[in-house]
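Chemist: After the structure tokens below, expect a handful of questions from me.
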Amino acid sequence: MKLSTLDFVLLPGYAVIVIVGLIGNSLILTVVKKKRYMHTTTNFLLANLALADLLTLLWCIPGIALNGFVTHPGGVLGDILCKFITMNHMAGISLLVAGLTLTLVSIERYNALVNPLNVSLRLSKENVKYAIAIMWLFGFIFVLPLFFIEDWDEVHRHCIVHWNKPYSTIYWLVLATVVTLSFLLVCFCYFNIIRGLYFYKENLRRTFNVFFARGNASQA
């Protein structure tokens, strides 16, 4: 497969994104690991997000190189590359984990700012590790079927999917549901965070005005 003119135009921008992403996410992981005061539940989640982004970038690089710069091998090697590299299924795992992590971060911030007294709703340093492990396990299990249905087609010279339509429909409906629910949860959390901060500011201003008015009245 050869790159189109548009691909050549977009390639430098993608290269910049990859370089910045690799450096930035690596720095986040290094800081969270080495600085003990950074060992908080939120920072662990942000480190997990950085790891997911880092792996996504790393897995996309060979896929782009394989699709744009070299001739795709056939045979057994072609099948393996279709499953792991060409179709970006490995990147799909880390992308799914990144989305779930963003959702969990928004829920954590919502509970911290809107329900600060209800500590039972917050993640602890002990169970945040289980939450991270569950997200990676879910991502792997969800993408796992795709590794068994992708093969290299020698006739058409591209990767093909061997999947019955009913199963395909169910799979993508489940994925769409997960993505939609995650998006709605993030919107709900940040909407209520912004609203809570706004009302807090308004209540603080009104309280200040009441004390200020009482002070002036006592002086008079």
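Count begins at 1; order follows the chain as displayed.
Each Cβ is built from the backbone N, Cα and C atoms, and glycine gets one as well.
Pulled these from TrEMBL:
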type     : residues : note
DOMAIN   : 24-220   : domain 'G-protein coupled receptors family 1 profile'
TRANSMEM : 12-32    : transmembrane segment
TRANSMEM : 44-65    : transmembrane segment
TRANSMEM : 85-107   : transmembrane segment
TRANSMEM : 128-149  : transmembrane segment
TRANSMEM : 169-191  : transmembrane segment
Chemist: So what's near the transmembrane segment (169-191) in sequence-distant terms, Cβ-Cβ under 8 Å and 6+ beyond its ends?
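Modeler: Contacts with the transmembrane segment (169-191): 96, 99-100, 102-103, 106-107, 109-110, 142, 145, 163.
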Chemist: Hey, which bits of the same chain come close to the transmembrane segment (128-149), Cβ under 8 Å, at least six residues off its ends?
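Modeler: Those are 41, 44-45, 48, 83-84, 87, 89, 92-94, 96-97, 100-101, 104, 161-163, 171, 175, 178, in sequence order.
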Chemist: Please average pLDDT over the domain 'G-protein coupled receptors family 1 profile' (24-220) for the predicted structure.
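Modeler: PLDDT averaged over the stretch: 84.
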